[in-house]
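What TrEMBL records for Lys200, Lys252 is active site, schiff-base intermediate with substrate. TrEMBL lists Arg210, Arg221 with the feature 5-aminolevulinate 1 binding site. Positions annotated as Mg(2+) binding site by TrEMBL: Glu237. Under the heading 5-aminolevulinate 2 binding site, TrEMBL lists Ser278, Tyr317.
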Amino acid sequence: MSDSPFRPTRPRRLRETPALRRLVSETRLDPADLVLPVFVREGAGGPLPISSMPGVVQHSLDSLKGAIAEAAEAGVGGVMLFGVPEVRDAIGSGATDPDGILNVATRVAVEAAGGALVVQTDLCLDEFTDHGHCGVLDALGRVDNDATLERYRDMALAQAAAGSELLGLSGMMDGQVAAVREALDDAGFLNTAILAYSAKYASAYYGPFRDAVESQLQGDRRTYQLDPGNRREGLREAIIDIEEGADVVMVKPAGSYLDVLADVSAASEVPVWAYQVSGEYSMIEAAAAHGWIDRKRAVIESVRSIKRAGADAVLTYWATELAKWIRAGEAA
Ligand code: PBG
């Protein structure tokens, strides 16, 4: 024994055994907090692989049912549907057509889910427009905010009628939450909830997604999505959306925006979710495929970090696989 009065503080005590580490863990993963994004394509034939997202496919209506059943079985909390139409036009007509792929897929998904998980839909025009923007364009080719809101209102009604329980407003138009809430309420869809992609950044990490939905985008989305350098503005957008009536707010992408997520989480009165986007997925998959990173550990660490920063739920392409690991006690 040293006669020094100094006794080091020993935080390592609580790291001594697996059981102790488990007991003092601050962040646990739960399948119920995971949402699986799902792509559904129009047309005949089976599912198609997405080359830039190994392991993720564009589902057919038939394979969609299996994916929903598997996710529900694993305890996943919900799915977020994206449509990949065969035909696109300037105003994104397929988005509001009750027989458009996303609305048809929603009906199929609601039936397949049977209430075991929450069926949600992406509410944005980019998958349906031939120019690839999230809204309609004015005579000068700029995205027309208020004309787009009219399209979002109609899209919301089509999705609610198809049975979507939570509409994911991802277009970043000003006033979109208020416009959609009003349209839903006026049509009697009082219980259809709104998930606002509030702090959605103009990110390079959406690259593989553009591939996944075969987006035709020319140019970029910087006049409506946030500048990656702006932290304060992310919080501001979330506060505006909560005031407009958002039931849930979201930060997207997740991994590079944990500071924004922590800010929104601290300030929000409604649940705060985060979207681990396509590029975040593909980076880990690519590094793992080269043997440069331990895939399972990296997946678990990436999602746990997003929850640690304050996300109540996480949209991730690994949702079903991760849920299975959690159930098996392999994702501490
Ligand atoms: C817009 C939308 C996008 C994503 C989700 N919703 C694309 C974009 O804004 O460019 C990206 C999701 C991902 O990259 O995983 N409909």
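Backbone N, Cα and C define each Cβ position, glycine as well.
Looking at the shown structure, what environment does each listed feature sit in?
Less than 8 angstroms from the CB of Lys200 (active site, schiff-base intermediate with substrate) sit Ser170, Met172, Gln225, Leu226, Met250, Val251, Lys252, each of them six or more residues away in the same chain.
Classification of Lys252 (active site, schiff-base intermediate with substrate) by DSSP places it within a strand.
In this structure, Arg221 (5-aminolevulinate 1 binding site) belongs to neither helix nor strand by DSSP; it is coil.
In the three-state DSSP scheme, Glu237 (Mg(2+) binding site) is classed as helix. For Glu237 (Mg(2+) binding site), the Cβ neighbour count at a 10 Å cut-off comes to 23, with all displayed protein chains included.
For the recorded site, Tyr317 (5-aminolevulinate 2 binding site), the DSSP three-state label reads coil.
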Output, ordered by sequence, the same-chain residues six or more apart from Arg221 (5-aminolevulinate 1 binding site) with a CB under 8 Å from its CB, or 'none'.
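In sequence order, His133, Cys134, Met172, Ala202 meet the Cβ cut-off.
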Whole-number answer please: how many Å between the C-alpha atoms of Tyr317 (5-aminolevulinate 2 binding site) and Arg210 (5-aminolevulinate 1 binding site)?
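Tyr317 (5-aminolevulinate 2 binding site) to Arg210 (5-aminolevulinate 1 binding site), Cα-Cα distance: 15 Å.
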Rounded to the nearest Å, what's the C-alpha distance separating Glu237 (Mg(2+) binding site) and Ser278 (5-aminolevulinate 2 binding site)? Just drop the number here, would you?
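Taking the Cα atoms only, Glu237 (Mg(2+) binding site) lies 23 Å from Ser278 (5-aminolevulinate 2 binding site).
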Counting every protein chain present, what is the number of Cβ atoms, excluding its own, within 10 Å of the Cβ of Tyr317 (5-aminolevulinate 2 binding site)?
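Tyr317 (5-aminolevulinate 2 binding site): 26 neighbouring Cβ atoms within 10 Å.
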Among the recorded positions Arg210, Lys252, which residue has the largest number of other Cβ atoms within 10 Å of its own Cβ?
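Of the recorded positions Arg210, Lys252, the highest Cβ count within 10 Å belongs to Lys252.
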